[in-house]
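One structure below.
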């Protein structure tokens, strides 16, 4: 059972989604509808994009806790440029470039300057959040053009243009990681850094690429955020980094690097967003969201750690079982007699 869960984390995440969907349907029959599925998917798009980016970084055995601030900073740039009169394509392109540059800077700190990823991205978390607040003066950005909001309007099967773009992007990244040398380099770097170098993989560039892609995904998440709500608060992106990491771990991405898929991360993001629906349906106050998200992250990490320990014990047992042969009947009988004689001597 444990081996099945470990080897089929995507199926496990999908099963969790179905079970939660059925549970909510039992509480309220109106929840069992296609409209509910698309509504949850629409709410999950930001987290899905961040989970795709986090997957790239975590596969290389790193972590990025600055993506929430990167998302907020990119959303602010988008709003500032749109309100300054720039066209939507130009503003979106500049936003995407800013996200990639922010991710590239993180990658340089980690790969070239050899700063631990958690330390480097904690620093840039504050840096990017500070830049965001300096741009806005601590104020919200409002009055965004209708063209931006139109990106999140349903176009087909109740899913917006941004929603379809997110699905296509997820499938593309899943294919790149699973079927190309480009993707295999990420797995090799995270699984065995020295071994990957001996095979000719440019591990520093792979890690910088991972952080850069992560920054690009954060920029896309900022665009989606602005298009969905129509304004940009000064706390945009706060706490999203923890949810992105939780979604990845829930979907089977290892914190030790080298294993997991984008599809699993997407399913993990959908499941976490579904939990928010539970809070709404059960009329639980919104300020419980962070507590629930932290609890889920902690639970997933504990479960993942215990699962790996159990599997390692099983592997060791199987590895050395052939060296430990069971005692023959004569050996067992001799051992019993020896124990009986020892007991008599003690008596």
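Positions of Cβ are set from backbone N, Cα and C atoms, glycine also.
Residues annotated as transmembrane segment in Swiss-Prot: 14-34 (among others).
Long-range contacts of the transmembrane segment (39-59) within the same chain, counting only residues at least 6 positions beyond its ends with a Cβ under 8 Å from a Cβ of the stretch, are 67, 71, 103, 117, 152, 159-160, 162-163, 166, 169-170, 173, 177, 186-187, 189-190, 209-211, 213-218, 220-221, 224-225, 228, 240-241, 243-245, 247-248, 251, 253-255, 257-262, 265-266, 268-270, 272-274, 276-277. The transmembrane segment annotation in Swiss-Prot covers 39-59 (among others), and the record cites sequence analysis as its basis.
Residues or ranges marked as transmembrane segment by Swiss-Prot: 72-92 (among others).
The transmembrane segment annotation in Swiss-Prot covers 93-113 (among others) and rests on sequence analysis.
With a threshold of 8 Å between CB atoms, the same-chain residues lying at least 6 positions outside the transmembrane segment (115-135) that come near it are 57, 62-66, 68-70, 72-73, 76-77, 80, 102, 105-106, 109, 234, 236, 241. Residues or ranges marked as transmembrane segment in Swiss-Prot (evidence: sequence analysis): 115-135 (among others).
The transmembrane segment annotation in Swiss-Prot covers 155-175 (among others).
Marked as transmembrane segment by Swiss-Prot on the basis of sequence analysis: 213-233 (among others).
As annotated by Swiss-Prot, transmembrane segment applies to 249-269 (among others), with the evidence given as sequence analysis.
The feature transmembrane segment is assigned by Swiss-Prot to 284-304 (among others).
Among the listed stretches 14-34, 93-113, 249-269, 284-304, the one sharing the most Cβ pairs under 8 Å with the transmembrane segment (155-175) is 249-269. Contact counts against the transmembrane segment (213-233), taken as Cβ pairs under 8 Å, peak for 93-113 among the stretches 14-34, 72-92, 93-113, 249-269, 284-304. Residues of the same chain lying 6 or more positions beyond the ends of the transmembrane segment (72-92) and with a Cβ under 8 Å from any Cβ of it are 98-99, 102, 128-129, 131-132, 135-136, 141, 143-145, 147-148, 218-219, 221-223, 225-226, 231-232, 235-238.
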